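Enquirer: I have a structure I would like to understand better, so I am pasting it below and will then ask my questions one at a time.
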Amino acid sequence: MDNTERSSNGNIQAETEAKEEKKNIKKESVSLMGLFSAADKLDYFLMLLGGLGACIHGATLPLFFVFFGKMLDSLGNLSTDPKAISSRVSQNALYLVYLGLVNFVSAWIGVSCWMQTGERQTARLRINYLKSILAKDITFFDTEARDSNLIFHISSDAILVQDAIGDKTDHVLRYLSQFIAGFVIGFLSVWQLTLLTLGVVPLIAIAGGGYAIVMSTISEKSETAYADAGKVAEEVMSQVRTVYAFVGEEKAVKSYSNSLKKALKLGKRSGLAKGLGVGLTYSLLFCAWALLLWYASLLVRHGKTNGAKAFTTILNVIFSGFALGQAAPSLSAIAKGRVAAANIFRMIGNNNSESSQRLDEGTTLQNVAGRIEFQKVSFAYPSRPNMVFENLSFTIRSGKTFAFVGPSGSGKSTIISMVQRFYEPNSGEILLDGNDIKSLKLKWFREQLGLVSQEPALFATTIASNILLGKENANMDQIIEAAKAANADSFIKSLPNGYNTQVGEGGTQLSGGQKQRIAIARAVLRNPKILLLDEATSALDAESEKIVQQALDNVMEKRTTIVVAHRLSTIRNVDKIVVLRDGQVRETGSHSELMLRGGDYATLVNCQETEPQENSRSIMSETCKSQAGSSSSRRVSSSRRTSSFRVDQEKTKNDDSKKDFSSSSMIWELIKLNSPEWPYALLGSIGAVLAGAQTPLFSMGIAYVLTAFYSPFPNVIKRDVEKVAIIFAGAGIVTAPIYLLQHYFYTLMGERLTSRVRLSLFSAILSNEIGWFDLDENNTGSLTSILAADATLVRSALADRLSTIVQNLSLTVTALALAFFYSWRVAAVVTACFPLLIAASLTEQLFLKGFGGDYTRAYSRATSVAREAIANIRTVAAYGAEKQISEQFTCELSKPTKNAFVRGHISGFGYGLSQFLAFCSYALGLWYVSVLINHKETNFGDSIKSFMVLIVTAFSVSETLALTPDIVKGTQALGSVFRVLHRETKISPDQPNSRMVSQVKGDIEFRNVSFVYPTRPEIDIFKNLNLRVSAGKSLAVVGPSGSGKSTVIGLIMRFYDPSNGNLCIDGQDIKTLNLRSLRKKLALVQQEPALFSTTIYENIKYGNENASEAEIMEAAKAANAHEFIIKMEEGYKTHAGDKGVQLSGGQKQRVAIARAVLKDPSVLLLDEATSALDTSSEKLVQEALDKLMKGRTTVLVAHRLSTIRKADTVAVLHKGRVVEKGSHRELVSIPNGFYKQLTSLQEVL
């Protein structure tokens, strides 16, 4: 599209207001109920069942303490009637086993239902979010979406939402149920104690609420910081060839590192808030204990209750308070999910009714003739309010072909966009058969149009599916007929899998001509009344253009056709040519009429003339006919595109990608990677150890009080209980600093670890050779997913969980020591049951490990589908392919959704089983205590102290093992991380013992070079290629599509290494030279220049980071870019937009040339640098290139042969060999020569 129209001066104030509005929007979070707005009837049933299971599960612990209290009362009075009381203890022990079964079933139901509904709802959210994005009009993508992170919301944000909807809701319900059940039982037992505790609860709630609010705010800011870092990574990896060519790896890593520093600062604040929040909560609970113990002793001494009831009430109330504290992390996760959900729900909520009306409202016509009229149309792009058209009027007669030509920025492509109703006129009307297109049903209207653009957007699916986008319900016969009409059937059938061949991300498996013919087949299948050709052959070489043009000629018959073309040879036979300049019609007429006038059109044509060859047309015509069928297979076989078919990829994956790492080795690697944070880990561990030791000592205090309650002397009860109450109050004072120490330093360690993992990953990714990026599994979407999701999993599942593990380890060691000290028999029996708990959780871990891998990869594939659709939104909108894309996205999500049922039940069963075995252990232990007391082998006080601390130990073991799912996920994420970190690149940019390059003369020689792409080793690109360009000279490489032209440049840049032979620069094998220092002497200008989402100034400076402002401006002047830059309102500070979208093709190319000028290279590599430009832009760019080429060794690949006539040497490639070599004049004099035939195809006159 002509982007000059949008590169004019923008309304800065409007953009500023939009940014402020976005900032305000980002601060929002959805309501708690809003999280579940994607639920259907089955989800409501699952949530109801899961909620019931979670609540019952939570209530079993308070009920456990009821039976426990009865058993304690029996044990305390055992001496009165040993036989009867022992029988009562046995009965209550059996009741505990029954309660354990209830716990087992409820835990199973709760975990499985919430895991399943979380997966289902999030999958639906992802689908609805993508549907809403695809339903937006193009203006949204030009304005609001330019700086947003749409893909981030569908991947990372969705994971946070799923976590909140699933596991964390289950946890919160369970803990809240435990809290409520504990207080209810407390009121029924000793209402005075419970009522007193209610006075403390509001303080705990305020502390927890404040903590949740602070964490929500910090997490929102942290999410934004990580999204910015992800955007940097995505931009770099999507343009990795440019980054490598300009030795920009270090700058990219530095930029990524700076983005991560913002998140690290927020992480410190998060740790501080977490430490203070959790510490304050536990401090209040300890103080509550002190108060309750003192008041309970008062009630016991005055005969208001007995020791067992008092103790049961205290246990229920206190453990219920602990449950409230344990719910805090899950509440924090839900708060994060609410923040993450805001962007997702806002897109869904604001779009559905609006988009539905926009697409489906309006009238349809019975018959469409195809007459199009522009009546006094005025238009300005929403993102750039300068007028493109003012009162533009013209008429395109039905069934006729109209071509629009003109300089860059004249509005050619804008006409095609407006005909498709991507934009609405500011004033005036666009009519179809006399009807304003605004009044027509948009979906129906676009079905009447068929679009073929310059760079056809193909999707990462089969050829058949890509053609099927043209007509949703077409059958295979219709697809084949459309392919035949587009001259595509023969080359498709020659492919290994025919119409089921995967085309790869962006269609990278196919050559330009093949992609274009598939796009034409897509348009043919649609059988449109109106055909729109937007520079449909401008990026093709002469041979491919001839075949594609024949296909277009077939399709254009009897259809209204609008053509925008840079190559004027393609529009010579159209019915009428419309010449645009400055948004106005300057000339209209046929080719011959306009040539006779000698106006703008004639000037453009003269610029494109090549040397006429009188006798070559018939020769080439015959040659093309013979090659039309066979050349297609050659183009696929030797395509310069670097990706392979997916079936080949599966066979040729690098060994390193298959390498498995054991969990222990990965954990050890992680520890080594985290070595700089060991001091933080030590300080955090001190806090965790102290926090862990508090709990068994706390249990000892309780047991001490319990013993005192059964004392017959009131003074003893008063003295002992007050002593414990004072100790607990003191513990409350020191608890806050202990938890602050633990959580602040562990969070700091985790944040620094994830920053280091992300940075190490990013650096490792950028050290790999280009061939590695060509693998489908290493596409940009997958790599950004590893950087974001997997690095986050490593931190949350391992670093964050380490805090809990150390705390519980301290707790377990302290508890076991105390238990064995007081009663080794009781401790031995209860401890003997622990292996059962561990075995149950290990079974759960093994099953989780089996399902997790496919689950992770499926999300990556789905994200790639979404990313591709959003990147090609104009094609999606033009073909009304929203439904097909959504169905493909749904298909990619279906596997993890189906697995959620199985994984949920396995996880729930494993966790429920561990809970059941825990209750059985307690029942066995209490029964055994009664036996020992009955046989006088221990006393009540010692056995209860031993048993109490073991209860706490069992809970800590269960809690630690409950972290198994998160740890397993983190371990799997570590596998992805270390597979990248441990991979040895095939082409090292800093090879040891390589020779530094300080100066390059520029003599380049290919010596018997053979080459195959690493992803498709069975296809030869070059066989013993010999080619040389002398220092300071220029070499033009031409040939049919797939002959290896661009591969020559790829090898010189050392994106790939030859399979055999040598590539030498100044007589030195390129493999012996330091790659970074060599690339600093080379400059690459590509067909589609890769600009970064920063200012024009910074894009030029990318060529030389040490350049001064004056040098940058001089480079821009040399590239004929200075004039258009200073005309912009912000001049050199103008933002180029994502991938340079705010600039026209010619402007982008001149900025890229300025970047190359600033590099001051010894060798210049031009890969089709002007092929995608219109004539006016090409002239300016060619002038800049001519200046740049002087005195430099230059290798240029060009489709337009007029651009290479001045080259010192022209080499013609065919089937991987040089078939002709010489100057332009020498080669055109060879009768029936390859070069002569190629030039004849591009004659205009």
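For all residues, glycine too, the Cβ spot is worked out from N, Cα and C.
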Enquirer: Considering the residues Asn808, Asn1008, which is the one that Swiss-Prot annotates as N-linked glycosylation site?
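Expert: Record says Asn1008.
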Enquirer: Please indicate, using numbers and ranges, the residues of the same chain that are 6 or more beyond the transmembrane segment (805-822) and have a C-beta under 8 Å from a C-beta there.
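Expert: Non-local partners: 684-685, 688-693, 695-697, 699-700, 742, 828, 830-831, 942-943, 945-947, 949-950, 952-953, 956-957, 959-960, 963.
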Enquirer: Which listed range (94-114, 171-191, 276-296, 314-334) shows the maximal number of Cβ pairs under 8 Å with respect to the transmembrane segment (913-933)?
Expert: 94-114
Enquirer: Do at least three C-beta pairs under 8 angstroms join the transmembrane segment (314-334) to the transmembrane segment (94-114), pairs 6 or more apart in sequence?
Expert: no
Enquirer: Counting only residues 6+ away from its ends, which parts of the chain sit with a Cβ under 8 Å from the transmembrane segment (48-68)?
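Expert: Tertiary neighbours of the transmembrane segment (48-68) are 92, 95-96, 99, 102-103, 105-114, 117, 170-171, 173-179, 181-182, 184-185, 312, 315-316, 319-320, 323, 915, 919, 922, 926.
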Enquirer: Applying the under-8 angstroms CB criterion, which one of 94-114, 171-191, 195-215, 725-745 scores highest with the transmembrane segment (276-296)?
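Expert: Per the Cβ under 8 Å count, 725-745.
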Enquirer: Can you work out which residues elsewhere in the same chain, 6+ from the ends of the transmembrane segment (195-215), have a Cβ less than 8 Å from its Cβ atoms?
Expert: 183, 186-187, 270, 273-274, 276-278, 280-281, 284-285, 287-288, 291-292, 295, 317, 321, 324-325, 327-328, 331-332, 335-336
Enquirer: Near the transmembrane segment (94-114), which same-chain residues lie under 8 Å Cβ to Cβ, leaving out any that are not at least 6 residues past its ends?
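Expert: Apart from its flanks, the transmembrane segment (94-114) reaches 46-47, 49-54, 56-57, 60, 63-64, 67-68, 165-167, 169-170, 173-174, 901, 904-905, 907-909, 911-913, 915-920, 922-923, 926.
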Enquirer: Taking only the residues in the domain 'ABC transporter 2' (1004-1240), give me the average pLDDT of this model.
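Expert: Computed over the domain 'ABC transporter 2' (1004-1240), the mean pLDDT is 85 on the 0 to 100 scale.
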